[in-house]
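If you look up Swiss-Prot, you'll see C70, C72, C85, C88 marked as Zn(2+) 1 binding site, on the strength of sequence analysis. What Swiss-Prot lists as Mg(2+) binding site is D458, D460, D462. Among the features that Swiss-Prot reports, Zn(2+) 2 binding site is placed at C814, C888, C895, C898, with the record citing sequence analysis.
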Amino acid sequence: MKGLLDLFKQFTPDEHFDAIKIGLASPEKIRSWSFGEVKKPETINYRTFKPERDGLFCAKIFGPIKDYECLCGKYKRLKHRGVICEKCGVEVTQTKVRRDRMGHIDLAAPCAHIWFLKSLPSRLGLVLDMTLRDIERVLYFEAYVVTDPGMTPLKKFSIMTEDDYDTKKREFGDEFVALMGAEGIKQLLQEMDLDTEIDKLRNDMTGSELKVKKNSKRLKVMEAFKKSGIKPNWMVMDVLPVLPPDLRPLVPLDGGRFATSDLNDLYRRVINRNNRLARLLELKAPEIIVRNEKRMLQEAVDSLLDNGRRGKAMTGANKRALKSLADMIKGKSGRFRQNLLGKRVDYSGRSVITVGPYLKLHQCGLPKLMALELFKPFIFSRLEAMGIASTIKQAKKEVESGTPVVWDILEEVIKEHPVMLNRAPTLHRLGIQAFEPVLIEGKAIQLHPLVCSAFNADFDGDQMAVHVPLSIEAQMEARTLMLASNNVLFPASGEPSIVPSQDVVLGLYYATRERTNGLGEGMIFSDVVEVQRALDNKVVEITARISVRLTEWLRPEDGSDNFEPHTSLIHTTVGRALLSEILPKGLPFSVMNKALKKKEISRLINTAFRKCGLKATVVFADKLLQSGFRLATRAGISIAIDDMLVPKQKQMLIERAENEVKEIEQQYVSGLVTAGERYNKVVDIWGKTGDEVGKVMMSQLSKQKVIDRNGKEVDQESFNSIYMMADSGARGSAAQIRQLAGMRGLMAKPDGSIIETPITANFREGLNVLQYFISTHGARKGLADTALKTANSGYLTRRLVDVTQDLVVIEDDCGTDNGMAMRALVEGGEVIESLRDRILGRVTAIDVTHPETQEVLVLAGKMLDEDTMEVLEAAGVDEVKVRTSLTCDTRFGICAKCYGRDLGRGGLVNQGEAVGVIAAQSIGEPGTQLTMRTFHIGGAASRAAVASSVDAKSDGIIGFNSTMRYVTNAKGELVVISRSGEIIITDPHGRERERHKVPYGAILNVKPDQTLKAGTILGNWDPLTRPIITEFAGHTRFENVEEGVTVAKQVDEVTGLSTLVVIDPKRRGSAKVVRPQVKLLDVNGQEVKIPGTDHSVTIGFPIGALIQVRDGQDVMPGEVLARIPVEGQKTRDITGGLPRVAELFEARTPKDKGILAEVTGTVSFGKETKGKVRLQITDPEGKVYEELVPKEKNIVVHEGQVVNKGESIIDGPADPQDILRLLGVEELARYIVDEVQDVYRLQGVKINDKHIEVIVRQMLRRVQITNPGDSHYILGEQVERSELFGTNDKLRAQDKLPATYSDVLLGITKASLSTDSFISAASFQETTRVLTEAAIMGKRDELRGLKENVIVGRLIPAGTGMAYHQARKAKDELDDNERRLIAMQEAQEALAAVDADMADSAGNAAE
């Protein structure tokens, strides 16, 4: 029977397609889709439930209601398939054709498509060169448009009101034609000749910038119409397609009411108005009535296409705006994001998770009931195969009765069939992993404790979902790629993800600690077995120091896998000796012969992975886990209130602080300090005190006095439970212990400002009511913050994924030798990130040579692994040029060499790896750990910023960077006068050890090439004021320094001294803008000139400066002329955390941005205009570049200074666009990478640089055409980089002029929307705008990215899917060739047959 039914299945050939095209439908096209015209607004007959004929659900147009049965019931059954009933006109076929048969409505008057009218920029407006307002007035019958001026002076395209029209009609009669409504617009569009318009525009690309911009926009649209073969008048519709009825269903509810899709209401409105208009036209009704009806029809069509886009949205009976066709596809619940990108999955279940401590890493516990349900089909087929059940129905019964044989079969079916576990939210690829199921009783899924950190799961009620991979291919991929034991590293950083936490760490830590004078200290054992026996018999304790003979299995010199035993007597402790049993072969015991804190365990697992491989590591991790649980139980570590030791010095410290605060209050009352300073100082004092109490408490907790074997009292590390928990990294931190036993310290108000009275109590002593109340602020803000953070972080991840989703490794090597020079990241003299961390797992771009002997250490094109890094570190290499994804030349993808190591697997990245998505996940996943706040500099936050000196961390030789300039003052001290000076300390070989920024005005204590010892102070400065220093000697002459106009005298109330302060010009009496400044005169009274120029030395005083010299005083170089108190500077908010990362990736221009020098040259100041300073830079050719700078900006250059292109001339945060324009791609990448890393580093999150580089590559993927050459591009057009390179290659091959371009930096949202794939862009944001644009251009989506392929339901072109697509392409080419061959053969055979026939007939004739 089944075979018979298969015969009747309608065969649909497998459709292979390589691209999807979108366009505007012509009226003919719409009619060709249609199966009939919908003439009536009726839907279904409410009594018979049958669809009305010619209505919106008409069976004649759209197909039958029941399978193979016409409406009147004359033809039933399969045998009449394809018959059209003569009575009711319905074709006898399957009912599912009602999902794809369309109808149409012939509109009685043309209607404009609202998308092309209202979606900005208005396409209709661009084509017609009319304003949107004018077009709307014409369309909605408020004005006439002239379509044919005839012999009259009227202009075509001009607009006239009704009164104008009447006057002109009287004046000119029928000489001209002016129309109203969509007819007029359609007429104009029809008469438009694209070719002439394009030529006109191409020749008219001169004149003002605005005109050129406007013309190039129009040109782009016109070219698009011409290229795609779409006629502009199709933007006005004569025929409206009708959606198939099953896609806008009408469902009868009980009680005789109906639930209907909003579209039916909208269609009914259109049909009603259309029919009424047709009737009015037939009756030749008065113009005004017809006009109103036409307007209403246009509005109805607008609402159907995009409700609410113009005017008020149409509403249904319940005052709710109706969902139009546009609403169906856009937004989170639209077609794209709800149904195409997010589908529900069959064969899945979910349940609560619990711990499975006895599981192996690749296993999970699956409840029997769940497994039975999930694997049902497999069980049915086994039952049938074994002959226990003959039909599926019988098998069902068997399973439901739960006979023992069913459970046996379940065991069998489940064996070696991996299942996938997922925990929402799935923030990175480790959120879904495959496990082998183990059947368990109960109803909770059991999860291996080591994978918790990857899933971010805990057992406080979390739920997880189970999915069953069905096909053999799916099972294979789950096993080889997704099995938990194959994913032991985080793809974000390459750190191990299977690191034990909490009690396991505590157990291992306790067992590997040493105790002075422990039971059995100093004993010597022959092997581990003996140690175990001694422990069991309580002769030794687990923390005692002993010596034991151990055998280590080490890898031989030649690196082969034949491990050699090395036996020796080792000093260690009992616990460590016992743990040595589980050490994998190839690791020396020294890696374990220390107290195992969490970091150490992580390092241990990492070392094991690099040295012993994956399998050994997984086994080792499992054993560590078992040991950790067992030892933690044995240790019996508990927590008690007496473990929280409050230091005795606490009271004294607090009293001291209170006295200091009193002193400052006194100073404030006497007017020595301002209110702001008082607040800052008080907060500072309490902050310091809190830290001191914390320090004292920790030192008390962490040490304890014990008697050693010789009877002496010694300090040993404490065995205090709370200290051990924090020290091992199991739970808690120093800050939390400080709140338990130190003092809670300062609290913040809800607005983020710090309350200046701290909580001096701790939790052990208990808080009073006021203290408790103060601390509730912070706690609640924390909860509110978390909720906001999650949403924001999710949105950032979504944007990142969208911008990188089509970046896949598609070839092994692009052959470029470009790269980026990497060196250790040093800030404030401290190495923040070593060279090793930055280049590990990268591929060298050029040979790396030994700094002294110049021998080649690493060849170009080699991946730097751990062993190579040791060689480089030994040689002291401090800079390596490595390949990076930014300089990769691969088109439409990236190559493996430029990407480097796949961090999640530890080898060179495979072809087909979706590195873009991995980068996005790696940056997005820790997003929830970042803060949401913006920090105010002030109070506790600023303490880090106030350094007043800098000292050397290592011995070496002093050098200065190229921009460092200094003068010697009267005392013989060196005073820094450059803004970006840095001191560099190098070792004797000339390798950089550290570099320190020194601010303007600092006094240097060292000279160039001086050799110094670590700890020497290099320079010091006053952190609270910014000085203004003269570089030249001379006699001062003040200009514009007038009291009450530009300066005010401030008299200090206490000391009675007076100083001049420069005041803000906004508050001055006079309207004239003058800038107070000082000039220097030489002995002859002439103005001192800057050497080599004829500019006088002029030093301006900024607002808020305290002038330190008198008029007419003699000054020496390096002397301070004025000081600006830092307090007077506006405290800049630092954007931190998540908003900062988003700001960087969106490439937003910061507010109050710094300005960089556009050219290299000499600085001078021109004459001032309206509150702005004219800053000029003269380049070596003598060209002058000008920048107008508002007065209140802080200019960091001075007259006569030579600046390099891209150097900062005005203080403030850098604008990434400027960095790209002036300094290039590499500097930009460096800036973004460093800034993003700063944010994550603050939270202690490790992310590899390459992920951020991948995102930057995608932000730079479009270029702007600066000269089109012989290409078809338009000046200023933005094009995909890969596409442009392809075009240029073709042009060069034909000896034509290639197009030139400049780099463009787009923010991630912009970049996602401007991709070449319209499907991907439409499913991201602004669906309407993207589709409108794509339709006009007749865009073709090549389906290159992952998203497009998911949407159209193909395998994604990444991973195993990439191989599939490549194979398919190859097969298609083969097939084509084969077809040609076969065709040729057939032709030859046919010819031969003809010849034979002719020979035959000739023979017959002869006979």
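Count begins at 1; order follows the chain as displayed.
Using the three backbone atoms N, Cα and C, a Cβ is placed for every residue, glycine included.
Here the features listed in Swiss-Prot are placed on the structure.
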residue : record                : contacts (Cβ under 8 Å, 6+ apart)
C72     : Zn(2+) 1 binding site : C85, K87, C88, V90
D458    : Mg(2+) binding site   : C452
D460    : Mg(2+) binding site   : none
D462    : Mg(2+) binding site   : V352, I353, R423
C814    : Zn(2+) 2 binding site : C888, D889, T890, C895, K897, C898
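The Cβ neighbour count for C898 (Zn(2+) 2 binding site), using a 10 Å radius over every protein chain in view, is 29.
Fewest Cβ neighbours within 10 Å among the binding-site residues C85, C88, C888: this applies to C88.
The most densely surrounded of the binding-site residues C70, C895, judged by C-beta neighbours within 10 angstroms, is C70.
According to DSSP, C898 (Zn(2+) 2 binding site) sits within a helical segment. Excluding the listed site residues C70, C72, C85, C88, the same chain places A59, L71, G73, K74, Y75, E86, K87, G89, V90 with Cβ atoms within 8 Å of the centre of the Zn(2+) 1 site Cβ atoms.
Within 8 Å of the centroid of the Cβ atoms of C814, C888, C895, C898, where the record puts Zn(2+) 2, the same chain has further Cβ atoms from E811, D813, T816, R883, S885, T887, D889, T890, I894, A896, K897, Y899. Apart from D458, D460, D462, the Mg(2+) site neighbourhood in this chain, defined by C-beta within 8 angstroms of the site C-beta centre, holds I353, A457, F459, G461. In the three-state DSSP scheme, D460 (Mg(2+) binding site) falls into the coil class.
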